[in-house]
Amino acid sequence: MSEGRCSVALMSSTAAPAKEANATGPKAMELVLVKEQNGVQLTNSTLLNPPQSPTEAQDRETWSKKADFLLSVIGFAVDLANVWRFPYLCYKNGGGAFLVPYLFFMVVAGVPLFYMELALGQFNREGAAGVWKICPILRGVGYAVILISLYIGFFYNVIIAWALHYLFSSFTAELPWTHCNHTWNSPRCSDARAPNASAGTNGTLRTTPAAEYFERGVLHLHESHGLDDLGPPRWQLTSCLVLVIALLYFSLWKGVKTSGKVVWITATMPYVVLFALLLRGITLPGAVDGIRAYLSVDFHRLCEASVWIDAAIQICFSLGVGLGVLIAFSSYNKFTNNCYRDAIITTSVNSLTSFSSGFVVFSFLGYMAQKHSVPIGDVAKDGPGLIFIIYPEALATLPLSSVWAVVFFVMLLTLGIDSAMGGMESVITGLADEFQLLHRHRELFTLLVVLATFLLSLFCVTNGGIYVFTLLDHFAAGTSILFGVLMEVIGVAWFYGVWQFSDDIKQMTGRRPSLYWRLCWKFVSPCFLLFVVVVSIATFRPPHYGAYVFPEWANALGWAIAASSMSVVPIYAAYKLCSLPGSSREKLAYAITPETEHERVDSGEVRQFTLTFLIRCWILLMPCMSSHF
């Protein structure tokens, strides 16, 4: 019977930890020897870790299909910047050589951060703020990224409105940016671009019809003298903005059930159009020269710090981390979804799209350069100028120009819509999960969010709206995003713990992340983000638009906008510490301990304060036989 007593003791010792385990893993049957009697072994079975999510009782809705989720994430991550930003950076920073730092930072920082956000949202099944029940003191990080997403909506929707305006203007026999015979044209307008076309006979600067159509025909910039002279909203752009807001509302009002259907069009249409434009572009004279300029390799540029800085910043912004969108989208996944595979697929599609769009862009830029006998550097630019001035000018010279213009601006419209949908979903899901009143009235809350973005976007469709747009673009979505991601990875990797986070992923996927991912989350990604934050501040340059230099008060306002989101993190942390009971040590213990483990604080056990927790951090540095890449 001594053997039986030992077996009972073993059963007791193994059953206790099973109660503490998070009941979210796959099914596992444990057979425990109880005793041996008359040569017969008696066993007891225990069902460990039944597969249900921590918040299954909330009956959270999920994506109708796995493809709905993937297309939503791809549609959000692949946006207008993939067309106007990456190809220009590649050309400016050594052509194909730029891919070296870009892919390096993608592997060591971009994909790990993307993977982390998908896993964080899927396990906790809440929005950007709610996931911080894993470390309550950092819930302010969630509110900060929600605020940033709201700021971005104020000006990003305006880009879609511009594209919609151009789309409507394309349904004509002759595109309105082809000649200088319109009421908005100035005496400086010139139909021909030549080597000396930048200056007229009297030394005045000359402009193209496409440039004047954008700045004078659409924006009416000539009727404003700066930020202190915005003027009224233009009714044409306001009408386009109303249509954009209406489209966003009816795509989001029912949650992922409606948005998951919309992305089947908005996420796939750009690829069809890009392929059609590529086929047309490579047949144009000069296209080969443009593509050669895009891919020309200059490895000496890798010795310049600016090339690596551009690659690092591009990685942060192109993947869309730090906006709460990936967390919100993945929170609607099934608990056992393979988020690791999703991260690899979507980041790969994003990078391939950026790279392939360069062939489309530079085939047309090479054509423009040859047509006007100018170097490619004279026509290559990034930002709105590329897609609203250079590209329309190139399309206007083609046969069936109106058809190609319609195709191109439909692509811009779909690229922008699904990215805007992602930003709005981050705000809606993040706040609705925090406040049940908003959750119960999601349709009304969605309406209030899109109306708020519409009202503040009106400043961007005034005569001087481009100045407001530039200010918001420069400050609202710059350093503040990088700071938010930095705090996010510190909170997950250091406060919550990579070891615990890896356990969470194992419960979802059945497999613990390899040593590579744990090292990236713990050390590489925080160091990378800290580097990018410091560089973005050290290399700060005040915004400008053309010859207009923003006044000092505008720069102060911009920094106030950036600080308003970043300051939420320390303000909420201070509030949390002050609102908790107990001594200073107890307050800190409750603040950094996951809400599901607060009973351990009551019993005096805080794993973040234990030596075991510190030892586990160092174990990550030790290669072991079971670790694999």
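The backbone N, Cα and C atoms fix where each Cβ goes, glycine too.
Taken from TrEMBL as is:
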{"type": "BINDING", "residues": "Gly75, Ala77, Val78, Asn82, Ser318, Asn350, Leu415, Asp418, Ser419", "note": "Na(+) binding site"}
{"type": "DISULFID", "residues": "Cys180-Cys189", "note": "disulfide bond"}
{"type": "TRANSMEM", "residues": "69-87", "note": "transmembrane segment"}
{"type": "TRANSMEM", "residues": "99-120", "note": "transmembrane segment"}
{"type": "TRANSMEM", "residues": "141-168", "note": "transmembrane segment"}
{"type": "TRANSMEM", "residues": "235-252", "note": "transmembrane segment"}
{"type": "TRANSMEM", "residues": "264-287", "note": "transmembrane segment"}
{"type": "TRANSMEM", "residues": "307-329", "note": "transmembrane segment"}
{"type": "TRANSMEM", "residues": "349-369", "note": "transmembrane segment"}
{"type": "TRANSMEM", "residues": "389-415", "note": "transmembrane segment"}
{"type": "TRANSMEM", "residues": "444-469", "note": "transmembrane segment"}
{"type": "TRANSMEM", "residues": "475-499", "note": "transmembrane segment"}
{"type": "TRANSMEM", "residues": "519-541", "note": "transmembrane segment"}
{"type": "TRANSMEM", "residues": "553-575", "note": "transmembrane segment"}
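Non-local neighbours of the transmembrane segment (264-287) in the same chain are 67-68, 71-72, 74-75, 78, 353, 356-357, 359-360, 363-364, 366-371, 398, 404, 407-408, 410-411, 414-415, 417-418, 421; each lies 6+ residues outside the stretch with a CB under 8 Å from one of its CB atoms. For Cys180 (disulfide bond), the nearest neighbour among the binding-site residues Gly75, Val78, Ser318, Leu415, judged by Cα separation, is Leu415. Counting every protein chain shown, the number of other Cβ atoms lying within 10 Å of the Cβ of Cys180 (disulfide bond) is 18. Among the stretches 141-168, 349-369, 553-575, the one making the largest number of Cβ pairs under 8 Å with the transmembrane segment (307-329) is 141-168. Between the CA atoms of Val78 (Na(+) binding site) and Cys189 (disulfide bond) there is a gap of 35 Å, rounded to the nearest whole number. By the Cβ criterion (distance under 8 Å, sequence gap of 6 or more), the transmembrane segment (519-541) is counted as touching the transmembrane segment (99-120), at least 3 such pairs being found. Packing against the transmembrane segment (553-575) from elsewhere in the chain are residues 137-141, 143-145, 147-148, 151, 227, 467, 471-472, 474-476, 478-480, 483-484, 487, 542-543, 591: each is 6 or more residues past its ends and has a CB under 8 Å from a CB in it. Highest Cβ pair count under 8 Å relative to the transmembrane segment (99-120), across stretches 141-168, 235-252, 349-369, 444-469, 475-499: 475-499. Counted over residue pairs separated by six or more positions, the transmembrane segment (141-168) shares fewer than 3 Cβ pairs under 8 angstroms with the transmembrane segment (349-369), which leaves the two as not touching. By the Cβ criterion (distance under 8 Å, sequence gap of 6 or more), the transmembrane segment (235-252) is counted as touching the transmembrane segment (444-469), at least 3 such pairs being found. Apart from Gly75, Ala77, Val78, Asn82, Ser318, Asn350, Leu415, Asp418, Ser419, the Na(+) site neighbourhood in this chain, defined by C-beta within 8 angstroms of the site C-beta centre, holds Ile74, Phe76, Asp79, Ala81, Gly320, Thr353. In this structure, the C-alpha atom of Ser318 (Na(+) binding site) lies 36 angstrom from that of Cys189 (disulfide bond). Of the candidate binding-site residues, Gly75, Leu415, Ser419, the one lying closest to Cys189 (disulfide bond) when CA atoms are compared is Leu415. The Cβ of Leu415 (Na(+) binding site) has Val78, Asp79, Leu80, Asn82, Val83, Thr266, Pro270 as same-chain neighbours under 8 Å, each 6 or more residues away in sequence.
In sequence order, Gly75, Phe76, Val78, Asp79, Leu80, Tyr156, Gly320 are the residues near Ser419 (Na(+) binding site), counting only same-chain partners six or more apart with C-beta under 8 A. Of the listed recorded positions Val78, Cys189, the Cβ environment within 10 Å is emptiest of other Cβ atoms at Cys189.
With all protein chains in the displayed structure included, the most crowded Cβ environment within 10 Å among the binding-site residues Gly75, Ser318 is that of Gly75.
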